[in-house]
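Visitor: Quick one: the structure is below, questions incoming.
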Amino acid sequence: MGEDTSKKSDKAPLVSACAGILGSTAGKAVTHPIDTIKARIQVIPGATIQVGKGSLIMNSIKEVIKNEGVAGLYKGLPTALIGGIPAAFLYFGAYEFWKKNTLEVEYLKNHSFIAYLSGGMFAETVACILFVPTDVLKERLQVQSKLRTYKYSSDLNALAQIFKNEGFRGLYKAYPATVFSFGPFSAFYFMFYEQLKGMVVKNDADTYLQKVKESTHVKIGFFQSMFCSMIAGAGASLITNPLDLVKLRLQVQRGSSSSGKNVSEFVYKHMLDGLIQVVKKEGLLALWNGSFARMCTHFPTVAISMSIIEVSKPHIEKILV
């Protein structure tokens, strides 16, 4: 029995990594259209924030369909799916590895939220090695018709043009901004999700934490996981929207600034400079521009992803252990 537990513990990061591929791919495939709308809203300087209202979102959807057809909503999807596979493997594997090892520390066992918070940040930092190039390509394709600063005919053409005009570093120029955007999101998301999951499934805190420490799969229902994920995703996305907005603008501005011409409506030096400029020129609330669309993206994305991950883990565990 002890040997079985040890094997499960050793394989836990691999199990989570494999399950993460399934969940992440499904979530992205379903929610890519609203992610495209979110990206287009966030690159509009001074756009009116409409948390709780759908008019800005609906107008953006109509604009895309009118000018580009339904296919316009799926710009960058091939890149997101193909690049997302190895990135998801790293992301969920790294998180499980961090969680497993940090919860062996007595202090963190008694303050587990720190392990979850730091685990999310660690996972994102590692995964961004593969995720950043994917994100840059995806978002430039999503917003190019809105900014009109560059024109890519396909995902491969976008990759070729970035290499030609900006070099390999062009794909990683916004790496720090991406880490400081998605890192806090992942940190808050996993902290909220693990705490909510614990409230839903545990009989007592010690039993739950012992299972987590041993990397024994803590069973949670499909809809229970979906509920916890939606709340965690909503909270994390709202808190970190300012970082995501500036990160996206940093990524998409590079195509214009590399030519030496300031054809973009925003040119930021780095994350802090971007935050300051947005507040100065557009007002404090502009930092939450696109926040409703972002929550609408994360609601179903994390709900679908984590539900599939939780359901698939026991089956993958049987195959690998």
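The backbone N, Cα and C atoms fix where each Cβ goes, and this holds for glycine too.
Quantities reported herein were computed from a predicted structural model and do not represent experimental measurements.
This is the feature table in TrEMBL:
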REPEAT    11-101  repeat 'Solcar'
TRANSMEM  72-93  transmembrane segment
REPEAT    111-199  repeat 'Solcar'
TRANSMEM  113-132  transmembrane segment
TRANSMEM  174-192  transmembrane segment
TRANSMEM  220-239  transmembrane segment
REPEAT    220-315  repeat 'Solcar'
Visitor: Residues sitting near the transmembrane segment (72-93): Cβ under 8 Å, six or more positions beyond its termini, same chain?
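Guide: The answer is 13-14, 16-21, 23-25, 28-29, 32-33, 36-37, 61, 64-65, 123-124, 126-127, 129-131, 133-134, 137-142, 144-145, 155, 158, 186, 309.
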Visitor: How many helix, strand and coil residues does the repeat 'Solcar' (11-101) contain under DSSP?
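Guide: Split into helix, strand and coil, the repeat 'Solcar' (11-101) gives 76 helix, 0 strand, 15 coil.
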Visitor: With Cβ-Cβ distances below 8 Å as the criterion, list the same-chain residues six or more beyond the ends of the transmembrane segment (113-132) that contact it, or say none.
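Guide: Contacts of the transmembrane segment (113-132) (Cβ under 8 Å, skipping residues fewer than 6 from its ends): 83-84, 86-88, 90-92, 94-95, 98-99, 102-103, 171-172, 174-175, 178-179, 182-191, 193-195.
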Visitor: Please list, for the repeat 'Solcar' (220-315), how many residues fall into helix, strand and coil according to DSSP.
Guide: 78 helix, 0 strand, 18 coil
